[in-house]
Amino acid sequence: MEPLGCLFQRRPFYVEPRNIVDHDPQERISAEAAILNSRLHYYSRLTGSSDPLLSPPNHVVPQPEEIYIYSPLGIAFKIPEGDQTAKNSSLISIFAIWNTMMGTSILSIPWGIKQAGFTLGVFILVFTGLLTLYCCYIVLKSPKTIKSVDTTDWEFPDVCRHYFGKFGQWSSLFFSLVSLIGAMVVYWVLMSNFLFNTGQFIYNQAHNINTSDSHFGTNGSDQVICPYPVIHPDGDSCGGGHAGNDTSFERLWSKTNTVPLYLIVLLLPLLCFRSASFFARFTFLGTISVIYLIVLVTIKAARLGFHLEFHWFEPTHFYVPEFRVLFPQLTGVLTLAFFIHNCIITLMKNNKHQENNVRDLSVAYLLVGLTYLYVGVLIFGSFPAPPLIKDCIQPNFLDNFPSNDVLVFVARVCLLFQMVTVYPMLGYLGEGSGHGFFHVLFLNILIVGVGVLMAKFYPNIGSIIRFSGAICGLALVFVFPALVHMIPLKREGRLTWLSAALHSFLILMGVANVIAQFLM
């Protein structure tokens, strides 16, 4: 149901009775409704000059309880009073936030914990979750702090425009676009990875090829591998790439040279398919994929057991220290992993009990944090060291399992299919609507080109996630929420020096987070 104010811009659609083929009286529009629509139609003709003096008076516009939707067949559907039917319970709202936040970052959490050190990594994960929750709370309540205008339909870019003008609105949209493009690049890298391993699995099964000895890794049914060499000062290596001769299949089916190009044939036409609703039907696959990943991690950890030793500052041959200077790489990943600030107002508008918004948001963040903690701790802890070393944990932890692992193969297929359906939706959001075919095609080629180049030359999703997370988080997680909190308090004379110092420090943390990514 549209707000009543929208009726002043969009006139109800009315079909003359003579255009209705069926003569069933139930299919006709009533005479009273026809007269009302004729009057509105008459006023619409008068307002062709956009003169506000000729706008329909309020008594002509129907009351909310009298509003009907008229179909092209002349059927009138009465809109139910209120919009309670569109509201969600707290449980649904919490699950919607959890499902929206659960993205590709979950695959990089174990790598991020490894980069920071186990103890420091767990602490940073909890601290970053609480910090981003507080900033998200500021964003959620920000429209209500503006008393001078009606903010019922406002989003966070509207709040930024109110305080900072067009610069605030466009900069918030720009940083949202950064996160969107970063997600699309990560998706392309991951889809290339999953498609490569899926093809490798099918080829090996068809030709009865055993790949257990082609990687350096553990033995047994639950093999864990180290796909890329990690050289230590003493000259030892954590394994290397493939063994064996370079076959024609390997030349045609390369993770970085050919598979990213093959994806163009599939995804470029889908990007030009202008129906986001079609792909939205497959969003449930994201939930299924995350749940399956949690089950997969649980099974692997139960079979592999825990391999932990605590060395606080000095590394050993097999283990990393508990505190490492590379910890900003984890903060960058987590900034994107906990990022939902640009759409939290929209999600919570559908909550049936608005008084529970803060509670439901907190519960959702708790569940997200526990999910990340569960996956990160189990993968890091169960990674078999020795014989492997903890530094072998990959930015995509699925890369630590061979392509012939059936359980991991199922996970890759699910994630691949999910991303193939989500990727066009991301492109649709980034392009906007109302553009011509060639404009859309040019933008799609540009976005696809960036994804192909990154998949070929820099397929490190951990670094891509941390850079995009730190950059978009600078504005939407740290700077704008802190300023939006302080400005109204300052105007009302209620801003204390402690609050100003803490929120200014929040801004400095966002700036430091971005700078640190370039120093790692």
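Every residue, even glycine, has its Cβ placed from backbone N, Cα and C.
Residues or ranges marked as domain 'Amino acid transporter transmembrane' in TrEMBL: 89-205 (among others). In the domain 'Amino acid transporter transmembrane' (89-205), the DSSP tally of helix, strand and coil residues is 102 helix, 0 strand, 15 coil.
What TrEMBL records for 263-425 (among others) is domain 'Amino acid transporter transmembrane'.
The transmembrane segment annotation in TrEMBL covers 91-113 (among others).
Residues annotated as transmembrane segment in TrEMBL: 119-140 (among others).
Cβ atoms under 8 Å from those of the transmembrane segment (170-190) belong to residues 103-104, 107, 156-157, 160, 164, 260, 263, 336, 339, 342, 396, 415, 419, 422-423, 426-427, 429-430, 447-448, 450-452, 454-455, 459, 461, 464-465, 467-469, 471-472, 474-476, 480 of the same chain, restricted to positions at least 6 beyond its ends. Annotation comment: TrEMBL describes 170-190 (among others) as transmembrane segment.
The transmembrane segment annotation in TrEMBL covers 259-277 (among others).
Sequence annotations record features per position, and here TrEMBL assigns transmembrane segment to 284-306 (among others). Proximity of distant same-chain residues to the transmembrane segment (284-306), defined by a Cβ-Cβ separation under 8 Å and at least 6 residues beyond the stretch ends, is recorded for 99, 102, 106, 222, 224, 371, 374-375, 378-379, 381-384, 401, 407-408, 410-411, 414-415, 417-418, 421-422.
Same-chain residues lying 6 or more positions outside the transmembrane segment (326-348) and placing a CB less than 8 Å from one of its CB atoms are 93, 96-97, 100-101, 103, 105-106, 108-109, 111-113, 115-117, 120-121, 124-125, 128-129, 132-133, 135-136, 139-140, 143, 154-156, 172, 176, 179, 182, 354, 357, 360-361, 365, 368-369, 372, 462-463, 465-470, 472-473, 476-477, 481, 513, 516-517, 519-520. The transmembrane segment annotation in TrEMBL covers 326-348 (among others).
Marked as transmembrane segment by TrEMBL: 360-381 (among others).
Under the heading transmembrane segment, TrEMBL lists 406-426 (among others). Sequence-remote contacts of a segment are chain residues at least 6 beyond its ends whose Cβ falls under 8 Å from one of its Cβ atoms, and for the transmembrane segment (406-426) they are 180, 183-184, 187-188, 190-191, 193-195, 197-198, 201, 266-267, 270-271, 273, 276, 279-280, 282-283, 285-286, 288-289, 292-293, 296, 299-300, 398.
Long-range Cβ contacts of the transmembrane segment (438-458) within its own chain (Cβ-Cβ under 8 Å, at least 6 residues beyond either end) map to 181, 184-185, 187-189, 192, 256-257, 259-261, 263-264, 267-268, 271-272, 274, 427, 430-431, 464. Here TrEMBL flags 438-458 (among others) as transmembrane segment.
Positions annotated as transmembrane segment by TrEMBL: 464-483 (among others).
Within the chain, the transmembrane segment (495-519) has long-range Cβ neighbours (under 8 A, six or more residues past its boundaries) at 131, 135, 328-329, 331-332, 335, 466-467, 470-471, 473-475, 477-479, 481-483, 485-486, 489. What TrEMBL lists as transmembrane segment is 495-519 (among others).
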Exercise. By a Cβ-Cβ criterion of under 8 Å, what residues six or more beyond either terminus of the transmembrane segment (91-113) are in contact with it?
Worked result: 121-122, 125, 183, 186-187, 190, 286-287, 290, 293, 329-330, 333-334, 336-340, 343-344, 347-348, 350-351, 360-361, 363-365, 367-368, 371-372, 375-377, 379-380, 383, 393-398, 461-462, 465-466, 469
Exercise. So which residues does the transmembrane segment (464-483) touch in its own chain, when a touch means Cβ under 8 Å and the partner is 6 or more beyond its ends?
Worked result: 104-105, 108, 112, 132, 135-136, 138-139, 142, 156, 160, 163-164, 168, 171-172, 175-176, 178-179, 181-183, 185-186, 189, 328-337, 339, 341-342, 454, 458, 503-504, 506-507, 509-511, 513-514, 516-517
Exercise. Which sequence positions outside the transmembrane segment (360-381), separated from its termini by at least 6 residues, show Cβ-Cβ distances below 8 Å to it?
Worked result: 90, 93-95, 97-98, 101-102, 105-106, 109-110, 112-114, 118, 121-122, 125-126, 129, 132-133, 136-137, 140, 290, 293-294, 297-298, 300-301, 306-308, 334, 337-338, 344, 348, 351, 390, 393, 397
